[in-house]
Structure formats: structure tokens, C-alpha cells
Amino acid sequence: MVTINTESALTPRSLRDTRRMNMFVSVAAAVAGLLFGLDIGVIAGALPFITDHFVLTSRLQEWVVSSMMLGAAIGALFNGWLSFRLGRKYSLMAGAILFVLGSIGSAFATSVEMLIAARVVLGIAVGIASYTAPLYLSEMASENVRGKMISMYQLMVTLGIVLAFLSDTAFSYSGNWRAMLGVLALPAVLLIILVVFLPNSPRWLAEKGRHIEAEEVLRMLRDTSEKAREELNEIRESLKLKQGGWALFKINRNVRRAVFLGMLLQAMQQFTGMNIIMYYAPRIFKMAGFTTTEQQMIATLVVGLTFMFATFIAVFTVDKAGRKPALKIGFSVMALGTLVLGYCLMQFDNGTASSGLSWLSVGMTMMCIAGYAMSAAPVVWILCSEIQPLKCRDFGITCSTTTNWVSNMIIGATFLTLLDSIGAAGTFWLYTALNIAFVGITFWLIPETKNVTLEHIERKLMAGEKLRNIGV
């Protein structure tokens, strides 16, 4: 631990240094998202070869996919404690180390049971990253760029997906699924190196009573010393509330409202159904008439590129367009896309589809993913990091992140079962209905938080304002 004295805390910094530090923090922490994206993408391409190698049933295929989410849900339960004890920085370090171990274990698995166990370890690592990185970024960013910095995390997720799809396509010619899974260890090592140079979160430092260090970090990140001191004072005011976590959740209705809203948001994100496209894209395109592995992987890569470019656009629009408009438009686009995709797949099931419907299926999949990438994918993480009161932020985000992974596990573990029971059309139309419902929930319940400080949101929440008004 580096001790920063008062003199260093008063050292002036140039605007260029401030911008460089903000960029470094954003990119370094967002590498955690890259790891998440790599694991999402790599299993889509590796699963057909793993299925052939171990002769897997549909149920075991679902477990190979969803075991990562199971581990993430388990890891999320301990994230609050880990983040409070070690801080955001060293929580990221722990996640990166586990990611290396899980990747190597997956690559050298000699049985499906060993593979599932290794993917549970990967899941714990991903769960730590998905909790800690958005939280860290929200606490490091000023209110006018907070959405952009957290969206950088989602952009890195999509970049990871695209890189995984590219890697899968390259290795698909030889069917080397072990190389597909083992290559994930490389960016995890990069994250370990980058985390060494990251500063601790000023809010975590203040919570530990290390106010001089907290001010020094804020001075590294804010345009002026006055802004740094003003923000530190706001943090101190927020910390005057003594109770925290579970104790505060039990006795304070407003805290419960924030926690339940975060859980609802994460469930909504997952039950859009978009991650089943990421996990099972080759299978979906096989149902859509693409018969060869090469055709399926190329179509999958196109979807990944769509995800990445749409997320890139979202990075520069989320702080301008606002959270609520993005969600309402995104859910509407996903509802339309899944509706038409279900129709296309029904024609293939009936044997009445033309070749043009194959490409329409790809187009609808791209539309769904673009809608997701520009709305629920980044915005839900942004909102969940913004709405929790500081004194119980670890607890609140632990609850919402756990909900994300449990919901993620459910959709991953039920997709093939749904296909067998209600068909491809019924499966995607189920997600159409859910997305329509989410438009209404967004309109009536979700707050707009753009360009608002975390402390302002907390004051409105604790004053008992309606949830949709806490950002006003």
C-alpha cells in the first residue's frame, strides 16, 4: 500500500494528465469486460466440437454453457464482502487470477465433469469482473462522463465476443476446441498487469477513513482541485449514515426499493433473450438453413461485429440520449426482431422457407443484437451502479449482479429444452412478449439519471421520491 502525504495531495495536475488518467482507468478496468466477452463468444463456437468430443446430450450442452453463469452467481454472492475488504482494485486482481486458472482448466479438461467444474471457476471470475468493473468505473467517473466510461466496459465485452468468434472461426477448421478455450488466459494476464497501476476507488478509500488518499485520487481524475474537494465532501456526507448492507436493507424501505429495482433491471436485461443468441448462435443459424459449420460461424461473426459496432455507438450516445429513451427503443426493437425471427424459423420447421428467409433471419438477429447493444446491455449496468446508496452500494450491487447471473443461467440452461418443447417460433415469441412488457415497465418505473451526481440520486431516493423521479 502506498501512503500519500498531504503535500502530494496538493500537487497540481494538468488537464492533459487528468484526461490521460481517466482514459487509462476506463480502458484498464474495462479489460475485465473483454474477458467476459471472450468467454461468452468462445463457447458458441466451441460447443459443437465439445459436443462431438464428449458425445453430449442437449441437457449436458446446456450445462456446459450455463455452468459459467452458475459460477458467476456464486461469485456474486461474495462480491460485496470481497469488494469491501480488498477494494475494487484488488477484487479485479482476484478475478483475473481465477480467470487464468479456469481457462487453463477448461483447455485441459479430460471429461465433461472437469470441463463444467473449470467453467464454474471461470464463472466466479466473470462474476467478480461484472460486479467490480462497473462499480469501480462509476466511482471513478464524474457525472458528465459516467455513462460513457461504464459503456466502455460493455464495449470491451462486445470486442471480446468478436475476438472469440474470430478465434473460433480460425480454429473451427481443425476443430481444436481446447485452443479456443485456452487462449482466454492471455488477456487475463494482461488485466493482472494493468490492475497493478490502477488507483483505488476514492469512495472506498473514504469509507476506510483514508481521506487524504481519496482526495489525491479525485485530483487525478477531476478537472479542478475544487471539484475534487467538493466531491470528497459529498462522499463524506453520504458516509455519515452508520448502518450498511443487510442491516440497512432490513430497516430502510428506500434502500429496499433501490435494491429491488436493481434486481429487476438485471432480470429484464437477461430475459430479453439476447444472450441465447451469443451462446447458441451457430445452432440458431443451423435452424435458419445454414448447413455448413463455415456458414454458421461466418453468420455468427457478423452478429458479433454488429454487437461491437452498435455498442461503440452507444458509448458516445448514452450520456446524451438518456437511459429511459434508450431502454424503451431497445426493448421495442428486440420485440420486433424476435417476432420476425420466430416467424422465419417457423417456416423452416414447416419446410416452406425460401433461401431469402435465411438472410432475413440473420438480419433480424442483427437487429435484435443492435437494439440490445444500444440499450439494455450498457444502460442496465449504468443504472445499477448509479441507484444504490453509497453506504450499502456493495450489498445492492451484489444483489443485482447475482440476479443477473441467475437469470443468465436460467436462459442458458433452458434454451434447448424450450426448442424441444415449444419449438423455435414459440421460444422467440416468448421473448417477444417479455420485451413488450419491459417497454411498459421502463415507462412507469425506471428513473432517468443522466448528468446527475450519485449523491443527488441518493438524496432523492432516501427522501422517498417515486423511483422514476429519483434522477430529476
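Every residue, even glycine, has its Cβ placed from backbone N, Cα and C.
Over in Swiss-Prot, the protein carries these features:
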TOPO_DOM  1-29  topological domain 'Cytoplasmic'
TOPO_DOM  51-63  topological domain 'Periplasmic'
TOPO_DOM  85-91  topological domain 'Cytoplasmic'
TOPO_DOM  136-154  topological domain 'Cytoplasmic'
TOPO_DOM  200-257  topological domain 'Cytoplasmic'
TOPO_DOM  279-297  topological domain 'Periplasmic'
TOPO_DOM  319-325  topological domain 'Cytoplasmic'
TOPO_DOM  347-361  topological domain 'Periplasmic'
TOPO_DOM  383-404  topological domain 'Cytoplasmic'
TOPO_DOM  447-472  topological domain 'Cytoplasmic'
TRANSMEM  30-50  transmembrane segment
TRANSMEM  64-84  transmembrane segment
TRANSMEM  92-112  transmembrane segment
TRANSMEM  115-135  transmembrane segment
TRANSMEM  155-175  transmembrane segment
TRANSMEM  179-199  transmembrane segment
TRANSMEM  258-278  transmembrane segment
TRANSMEM  298-318  transmembrane segment
TRANSMEM  326-346  transmembrane segment
TRANSMEM  362-382  transmembrane segment
TRANSMEM  405-425  transmembrane segment
TRANSMEM  426-446  transmembrane segment
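When Cβ-Cβ distances under 8 Å to the transmembrane segment (64-84) are tallied for each of 30-50, 92-112, 258-278, 298-318, the top count falls to 30-50. Within the same chain, residues 29-30, 32-33, 35-36, 39, 50, 54, 63-64, 67-76, 79, 82-83, 88, 91-92, 94-99, 101-103, 105-106, 109, 150, 153, 184, 188, 201, 381-382, 384-385, 393-394, 397-398, 401, 404-405 sit at least 6 positions outside the transmembrane segment (115-135) and bring their C-beta atoms closer than 8 Å to a C-beta of that stretch.
In terms of C-beta pairs under 8 Å, the stretch of 155-175, 179-199, 405-425 lying closest in packing to the transmembrane segment (92-112) is 179-199. Taken through DSSP, the topological domain 'Periplasmic' (279-297) splits into 14 helix, 0 strand, 5 coil. Counting same-chain residues at least six beyond the ends of the topological domain 'Periplasmic' (279-297), those with a Cβ under 8 angstroms from any Cβ of the stretch are 40, 43-45, 47-48, 65, 165, 168-169, 172, 303, 344-345, 348-349, 353, 355, 357-358, 361-362, 365, 412, 415-416, 424. Distant neighbours of the topological domain 'Cytoplasmic' (447-472): 138, 143-144, 147, 234-235, 237-238, 252, 254, 257-258, 261, 318-320, 322-324, 382-383, 386-387, 389-390; these residues of the same chain sit at least 6 beyond its ends, with a Cβ under 8 Å from one of its Cβ atoms. DSSP places the residues of the topological domain 'Cytoplasmic' (383-404) in helix, strand and coil in these numbers: 19 helix, 0 strand, 3 coil. Under DSSP, residues within the topological domain 'Cytoplasmic' (319-325) fall into helix, strand and coil as 6 helix, 0 strand, 1 coil. When averaged over the topological domain 'Cytoplasmic' (383-404), pLDDT in the model lands at 87.
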